[in-house]
């Protein structure tokens, strides 16, 4: 306070210069709270040891000449100017935006294959379960690699791991676009490698946001980040279905996201900081050492809020995985029953249902995440258990409208789309909130491991097997009526009816999470 008073009241330039030198001496060392923030932001004071001119801007905003005599100041070199400008761009908000952009690309690439409904025909595979091999191999490799990257993310530089992961899957995806139909096995292998690359991103990036923000700000930023799940999935459908029609070759659908992915990886390396673990929660300075991996796993297994919210997340993944693969085909069969559409026998078919479903997924994802964040912030004023309770109510409501899809689809496609719209909006409410629950009940030094194993559980019990399981049930039901258009439609609908029951089970898991949430959050804060 005394130094600041000297800067604002001193009459002469010499006094201001002396006060400014004194102010430099009173600035905390870089890396400590306020001092580090001031030096990083580049606002108010010039960077110590570097002056771009003979004048330095003081705290009051005036220009103070006559500092040439200070030996600590010297003209900035071009590289130093660029580095200072770069540091000013590395704000937490910009970092969250870049990470969200990378997450959009992650899911866009993942669901591009789902939008190419003719890929199995091109590769001469069985058409009864057209997309299951690709999605199953991808998800299996994803969930196996996630725990490894969770371990690395808690112990090493996270943004380097993120960049390497996104570069890896981008290169593999681009290379797979040149694989011919005679090398079907190689294409399946490439999807497995893409899963490994994407698992690094999904496991680590939320923890960086968790260390840059806290409380309601963290909820907002995680909501934006997880908006990428429905938004990227919808864009993947649109890209996959439109690229193969526009270009006449489904391979072109795999040549867009890699270019954007390499761009995102570069932006992460340049503009995303590596915050100290726990810095947003003001515990970074108290973290002296990390526990072992076995100790982390033991603590997570005893964390009841984490366990039950992970099981609930698996229920969401089960439904979204099955829906993403089968709903467009189900709606196509519904139109065939209504005799408003005919079966496509061409190699490249117009995928209107995939385009509409993708657009609905984008819009419902936006609405769901925004409504979820706003509702949670409002309900926190009423109860501290708002996070799991909002998730539970949204899932139970979603199950009702998803059941109605299979009731109205036979008579009205528009009615089915309305039910899909409402059901998906309610289902997408909890993506960001689930991640926020994890941030509250898990300490910073094991969050990457927690995110990774939550992903592992979600995929193992969810979308790793749900598309294939739905396909098996549908094929079993229509085994004796393979020529009946009506029965092919009904059998797939009966198989998909498993999804709302799983969603109700997930809602129950969130209700159980609400019982233990406050105790587990308090334990994490004390620890």
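Positions of Cβ are set from backbone N, Cα and C atoms, glycine also.
The annotation region 'Disordered' is assigned in TrEMBL to 43-72. What TrEMBL records for 95-523 is domain 'Major facilitator superfamily (MFS) profile'. TrEMBL lists 134-153, 160-179, 221-240, 252-272, 306-327, 355-376, 388-409, 415-443, 494-518 with the feature transmembrane segment.
Within the same chain, the transmembrane segment (388-409) stays apart from the transmembrane segment (252-272): fewer than three Cβ pairs sit under 8 Å, each pair at least 6 residues apart. Here the domain 'Major facilitator superfamily (MFS) profile' (95-523) returns a mean pLDDT of 81 for the predicted model. Highest Cβ pair count under 8 Å relative to the transmembrane segment (355-376), across stretches 134-153, 221-240, 252-272, 306-327, 494-518: 221-240. Counting Cβ pairs closer than 8 Å and at least 6 residues apart in sequence, the transmembrane segment (160-179) and the transmembrane segment (252-272) reach three or more and so form a contact.
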